[in-house]
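Feature list (source: TrEMBL):
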type: ACT_SITE; residues: C78; note: active site, nucleophile
type: ACT_SITE; residues: H141; note: active site
type: BINDING; residues: D38, D39, C78, D288, N289; note: Ca(2+) binding site
type: CARBOHYD; residues: N203; note: N-linked glycosylation site
type: MOD_RES; residues: C78; note: 3-oxoalanine (Cys)
Amino acid sequence: MDVCLIQTLILFCSLICCFWADTSSNKSTPNIIIILMDDMGWGDLGVFGQPSKETPNLDSMAAQGMLFPNFYAANPLCSPSRASLLTGRLPVRNGFYTTNAHARNAYTPQEIVGGISKDEILLPQVLKKKGYVSKIIGKWHLGHSAHHLPLEHGFDEWFGAPNCHFGPYNSSDRPNVPVYNNSQMVGRYYEEFGIDKKTGESNLTQIYLEEGLDFIFHQNMAQRPFFLYWAADATHAPVYASKRFLGKSQRGRYGDAVMELDYSVGQMLAWLRALGIDKDTFVFFTSDNGAAVMSGPKQSGSNGPFLCGKETTFEGGMREPAIAWWPGHIPAGTVSQQLGTVMDLFSTSLSVAGLSVPDDRLIDGLDLSPVLHNNTLINRPIFYYRGNEMMAVRVGPYKAHYWTWSNSWEEFNQGINFCPGQEVAGVTTHTQQEHTMQPLIFHLGRDPGEKYPISVVTKEYQDALSRITAVVEKHKKGLVPGVPQLNMCDMAVMNWAPPGCEKLGKCLKAPKSQPWKCDWPH
């Protein structure tokens with residue numbers, strides 16, 4: 001199905017749905033769509049000031065809904081942030097961290113042994129209580145062994161991949177990443193699902209869009225409430241876009257990918273309107289972490305005025321673009337100054353569905369329903385974790401750094417820079433610097449770039465420190481870390497023979513199992 005056919009179908013449905021929109025309405029149990037971008041930065045949207053203004057659909061979504069300038073990932077890296085979105089819990093609680101080295105980022109590459117724990121309760125598992133049908137489209141990234149895959153954790157349908165679209169690989173050393181349709185692989189990246197690294201051309205975003213529109217249509221026809229988790233990854237390096245969008249952006253290939261994703265969001269919202277279920281569908285758009293500025297301008301986005309990017313606990317690493325959309329329920333054109341996180345999508349989605357959060361565990365996410373409906377402000381802190389260490393805390397406009405670290409001197413000297421052009425003396429340190437006795441405190445309203453620490457001799461510093469210290473002490477007192485899932489690696493667990501490979505003749509022989517402790521340099 002090409003984009004012209006998609007547009008024709010939307011127009012056709014918009015003409016006929018007025019005759020049966022009322023009968024297809026499902027007001028008692030609203031549909032839920034979470035659109036999660038990959039490495040998209042706060043400054044990538046026109047509504048947040050991107051000068052190219054190449055995101056008209058997302059800008060329109062914000063004009064019709066609620067914009068969140070103070071919204072955060074739960075971690076500055078893909079996998080832990082995604083685990084937190086679906087569990088409502090910090091990575092240090094849900095196990096998506098490592099104890100192999102202090103304050104190290106860790107994720108789920110092909111050689112990881114671990115993944116999402118069976119003891120964690122994921123959003124689609126709870127939504128089943130109200131009869132929701134759940135589908136994930138795109139990147140999972142919470143473990144690729146069969147027992148870690150989405151259909152084992154509450155999702156009813158899946159089209160996408162368990163890992164990043166790195167490659168192409170030599171099958172004798174490392175297999176290309178599989179693409180699944182539900183529980184069976186249907187091919188691999190760079191093989192059946194092409195990504196031209198030279199030109200950046202790939203049809204994956206269009207495939208994901210078609211899958212999303214088809215799922216929405218069929219669940220609506222069956223009058224079943226649905227949860228769609230649309231996790232396209234075109235803005236993760238190596239970035240890609242379909243032929244229609246390549247070369248169209250002022251921002252190069254990365255901008256092309258953003259334009260196509262913006263178009264896709266616009267098509268999904270138009271589809272909801274055409275089907276007459278826009279007022280019955282809560283939609284939230286955000287990203288898993290900040291732009292990967294270490295990838296350079298051709299492969300990464302913009303974090304706006306914020307310091308550094310992905311993998312750091314500075315604002316550029318964890319502050320995300322965020323938009324809530326629900327016509328007739330969320331006042332149009334509103335801007336909320338609420339401090340929010342992706343973990344809140346767990347609690348808020350359950351509230352929207354008329355469900356309570358699990359009461360047998362600590363949930364870090366808040367129910368943002370009062371914010372969405374009344375623009376209420378809820379007092380809450382933001383915790384910035386990197387691996388097993390709480391690096392910083394935000395309370396109101398103040399942010400205190402207890403540890404600072406960008407990336408190691410070894411990486412930096414190899415040309416890998418997590419803060420290119422943004423070095424701040426004593427702040428973007430290349431060794432792990434402890435400040436627990438005298439935290440670096442910034443006022444993010446006056447200084448969103450975290451360049452000017454407040455003087456420790458001022459009353460403002462002492463007052464802010466007093467407030468933050470009370471929050472930190474309470475948090476640490478109640479913290480019970482989960483069992484770390486990202487400690488062990490093994491070449492034998494990679495995607496050699498995923499379920500369904502035998503039907504395609506694409507099974508590969510795995511090497512002998514020789515597990516080791518993963519080495520996380522960042």
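The backbone N, Cα and C atoms fix where each Cβ goes, and this holds for glycine too.
Note: TrEMBL annotation is automatic and uncurated.
Feature map: annotations from TrEMBL on the structure.
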{"residue": "D38", "record": "Ca(2+) binding site", "contacts (Cβ under 8 Å, 6+ apart)": "C78, K139, A231, A232, D233, A234, T235, H236, S287, D288"}
{"residue": "D39", "record": "Ca(2+) binding site", "contacts (Cβ under 8 Å, 6+ apart)": "C78, T235, H236, A237, S287, D288, N289, G290, A291, A292, S300, G301, K310"}
{"residue": "H141", "record": "active site", "contacts (Cβ under 8 Å, 6+ apart)": "C78, S79, R82, Y107, T108, P162, N163, C164"}
{"residue": "N203", "record": "N-linked glycosylation site", "contacts (Cβ under 8 Å, 6+ apart)": "G194, S242"}
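Within 10 Å of the C-beta of C78 (active site, nucleophile) we count 27 further C-beta atoms, all protein chains included. Ranked by how many other Cβ atoms sit within 10 Å of their Cβ, the binding-site residues D288, N289 place D288 at the bottom. Report note: the Ca(2+) site is defined by D38, D39, C78, D288, N289, and the residues of the same chain whose CB lies within 8 Å of the CB centroid of those residues, excluding them, are M37, M40, A73, L77, S81, R82, D233, H236, S287, A292, K310.
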